[in-house]
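> One structure, as structure tokens, below. Some questions next.
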Amino acid sequence: MPGSRRMILKHVMTSIWTRMHRTKEIPSDIMETPLNRCLNTFDITLLGIGHMVGAGIYVLTGTVARDIAGPGIILSFFLAGFACILSALCYAEFGTRIPKAGSAYIYTYISIGEFCAFVIGWNILLEHMIGAASVARAWSGYVDSLFEGVISNTTMAVTGELHEQLLGRYPDFLACLVCLTYASLLGIGVKGSALVNSVLTTINLCVMVIVIGVGFYYANWDNWTYVQGGFLPYKFGGVIAGAATCFYAFVGFDSIATSGEEAKNPSFSIPVATIISMSIVTLGYVLVSAALTLLIPYYDINPNAALPEAFAHVGMHWVKYIISLGALCGMTTTLFGSLFSLPRCIYSMAQDGLLFQFLGNVNDKTQIPLTNLVISGVLTSLIALLFDLEKLVEFMSIGTLLAYTIVSASVIILRYRPTFEATKRNISSPSSEYSVSTSEVTSPGSEINLTGTLRLKYSWLAPIFGRFQAGSAVSGATLVFIIFSAALCILLQVSNRDLENGIWWSVILAAIFIFIMASCILVIIAHHQDTSTILRFKVPMVPLIPAVSIFCNIEFMVHLNILTWLRFFVWMVLGMLIYFLYGIHHSKMEEVNSSYLVLMTSAEAVKGKWGSTTRTNLKNALFRRKSSADRKAIIDGEESD
């Protein structure tokens with residue numbers, strides 16, 4: 001009996017493990033969708049710019065410059081932008097491969113598996129919900145500052161203060177109303193909302209040009225050289241910490257990939273819009289932060305109204321009104337971007353069966369997931385009503401960085417994974433497989449696909465990696481690279497002083513981690529990439545660019561507060577309950593619906609009939625064996641006669 005229980009438990013666990021790692025095939029009718037394909041490259045570019053240029057430039061810049069990096073905020077924005085550009089390139093390739101709503105979720109589903117896809121999708125929902133709520137909070141706070149605190153003082157006088165640590169000082173009814181209003185505007189349809197976004201983003205860009213031009217005209221270069229601490233008052237560690245915070249300003253670029261299912265020509269528009277928007281936004285953030293720190297010493301910056309007071313410092317009071325216009329337009333487009341992306345991610349997960357089915361409905365008239373939009377607006381408005389802006393920003397960053405890390409890893413995995421046709425031609429023997437690879441090099445006309453197999457010049461690695469199935473060694477090396485990147489980043493964070501002082505154990509440990517990471521890159525490079533898939537855009541220098549992106553994202557993650565990780569853990573527990581109680585059973589990839597068939601091996605499950613019981617299948621199997629044995633005995637007997 002105990003042996004039977006172990007066997008049943010083994011079957012159940014094997015089945016669950018298989019279902020968690022099943023991957024989704026790219027549909028043949030990739031361009032078919034119930035959504036409205038009406039967005040051109042210009043619309044998508046301004047959608048990405050509008051989502052990124054908002055609260056970051058008008059709220060975040062002052063805080064980072066005064067308290068974290070000083071004038072070194074320029075380097076912080078450059079590093080954060082560089083890290084995001086690397087991730088954006090990976091998103092652009094996937095947007096070309098798979099022009100579907102869902103962004104990183106759908107990419108992970110196709111490349112890694114269902115469970116990781118759900119984790120990423122669940123965190124994308126968190127990212128966009130908190131992103132929208134935090135921007136609404138910033139929008140409300142900015143309007144309140146224009147009226148010299150009348151709104152907040154009146155609210156606290158009526159409702160009193162909230163004394164919980166995670167909650168804001170007072171319930172922000174204006175932020176709640178803003179979320180509901182903008183969600184309603186998005187209900188008019190994707191083309192109409194894209195037009196509104198384009199107008200507001202254009203106004204915001206014009207304001208940025210004015211701020212940069214006037215700021216450099218009145219610049220005082222002594223603020224970078226002769227002020228307390230010079231250009232890097234918080235040293236290079238402050239620059240890195242500032243980059244981890246400034247990363248929040250760039251998180252909106254994934255809205256470009258989310259719009260892939262509504263783009264007219266996604267294979268062209270997604271990569272072009274990604275590169276143009278990231279370049280413009282990075283340059284804009286660097287120049288605006290430079291103008292700010294040149295106008296006023298970093299320690300005199302007011303984090304609540306950094307740009308208006310900086311221009312007032314040089315007597316340019318009229319710029320305050322222009323900045324206020326740009327701030328409201330910028331934060332509005334950022335809020336639009338989050339509320340645009342959130343219902344489409346929910347729609348994509350519901351279409352695959354991982355979330356409740358009614359969330360996958362699309363309105364016939366507007367051709368948008370209207371139910372999701374209503375739910376998104378209500379949830380974000382409640383979060384904006386109650387929670388504190390700073391805590392929201394920290395909480396959002398961890399899910400975003402995790403998604404970027406997985407997408408970068410997915411690019412490597414897919415580049416070295418053979419297609420289905422190539423898999424069918426694989427040679428079963430490892431030695432013969434390598435000999436086929438060798439002959440393929442000498443005979444270019446051969447049709448055998450070498451993707452995921454060792455290159456000829458790395459034949460010295462064949463005794464170790466030659467026995468692996470094509471593509472699996474690269475997947476394993478990518479996983480090991482991620483693990484030791486995390487270990488190295490934690491070491492740099494925890495033992496920073498020991499490394500600076502040259503303590504032997506920390507230096508040796510860091511050297512070991514770096515050696516293992518470099519070895520993983522070498523193993524990946526030693527294999528053949530997929531050259532059969534023709535795309536209009538591919539990430540250059542794979543695996544180097546995705547690997548650097550992975551390391552940068554993990555480095556930013558380890559700088560987050562421990563309380564942020566604890567809150568993230570609570571969010572993940574809730575997600576796991578939804579997946580294992582609902583998603584894994586209702587997934588469109590689910591092929592076995594009978595609970596009895598779960599107890600059988602995969603081979604038996606294929607042979608079993610729908611609705612049959614374990615006893616029936618076992619009985620049939622016994623009778624088949626007996627009858628075949630009897631027939632064999634009779635035949636043997638006849639032959640002996």
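Residue numbers in this text run from 1 along the chain shown.
Just so it is clear, glycine is given a Cβ too, placed from its N, Cα and C backbone atoms.
Straight out of TrEMBL:
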type     : residues : note
DOMAIN   : 537-587  : domain 'Cationic amino acid transporter C-terminal'
TRANSMEM : 41-61    : transmembrane segment
TRANSMEM : 104-125  : transmembrane segment
TRANSMEM : 170-188  : transmembrane segment
TRANSMEM : 195-219  : transmembrane segment
TRANSMEM : 231-251  : transmembrane segment
TRANSMEM : 272-298  : transmembrane segment
TRANSMEM : 370-389  : transmembrane segment
TRANSMEM : 395-416  : transmembrane segment
TRANSMEM : 473-496  : transmembrane segment
TRANSMEM : 502-525  : transmembrane segment
TRANSMEM : 537-556  : transmembrane segment
TRANSMEM : 562-582  : transmembrane segment
> Could you check if the transmembrane segment (537-556) is in contact with the transmembrane segment (272-298), meaning 3+ Cβ pairs under 8 Å among residue pairs at least 6 apart in sequence?
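In this chain the transmembrane segment (537-556) does not contact the transmembrane segment (272-298) - fewer than 3 Cβ pairs sit under 8 Å.
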> Under an 8 Å Cβ to Cβ limit, what residues of the same chain, 6 or more beyond the ends of the transmembrane segment (473-496), are close to it?
237, 405, 409, 412-413, 416-417, 452, 465, 503, 506, 509-510, 513-514, 516-517, 520-521, 523-524, 527, 543, 547, 550-551, 554-555, 557-559
> Are there three or more C-beta pairs under 8 angstroms joining the transmembrane segment (370-389) and the transmembrane segment (272-298), sequence spacing 6 or more?
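Since fewer than 3 Cβ pairs under 8 Å link them, the transmembrane segment (272-298) and the transmembrane segment (370-389) do not come into contact.
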> Count the CB pairs under 8 A between the transmembrane segment (41-61) and each of 104-125, 170-188, 195-219, 231-251, 562-582, then give me the winner.
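Between the candidates 104-125, 170-188, 195-219, 231-251, 562-582, the best contact partner of the transmembrane segment (41-61) is 195-219.
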> Tally of helix, strand and coil residues over the domain 'Cationic amino acid transporter C-terminal' (537-587) according to DSSP?
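Residue counts in helix, strand and coil order: 39 helix, 0 strand, 12 coil.
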> How about the transmembrane segment (370-389) and the transmembrane segment (170-188): do they have 3 or more C-beta pairs under 8 A, pairs 6 or more apart in sequence?
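By the criterion, they touch.
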> What residues in the same chain, six or more past the boundaries of the transmembrane segment (104-125), come closer than 8 Å to it by Cβ-Cβ distance?
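Here the qualifying positions are 19-26, 91, 94, 97-98, 254, 257, 341-342, 345-346, 348-349, 352, 354, 398-400, 402-404, 406-407, 409-410, 413-414, 417, 571-572, 575, 578-579, 583-584, 587, 589.
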> Return the average pLDDT for the domain 'Cationic amino acid transporter C-terminal' (537-587) as a whole number.
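Over the domain 'Cationic amino acid transporter C-terminal' (537-587), the predicted model scores a mean pLDDT of 87.
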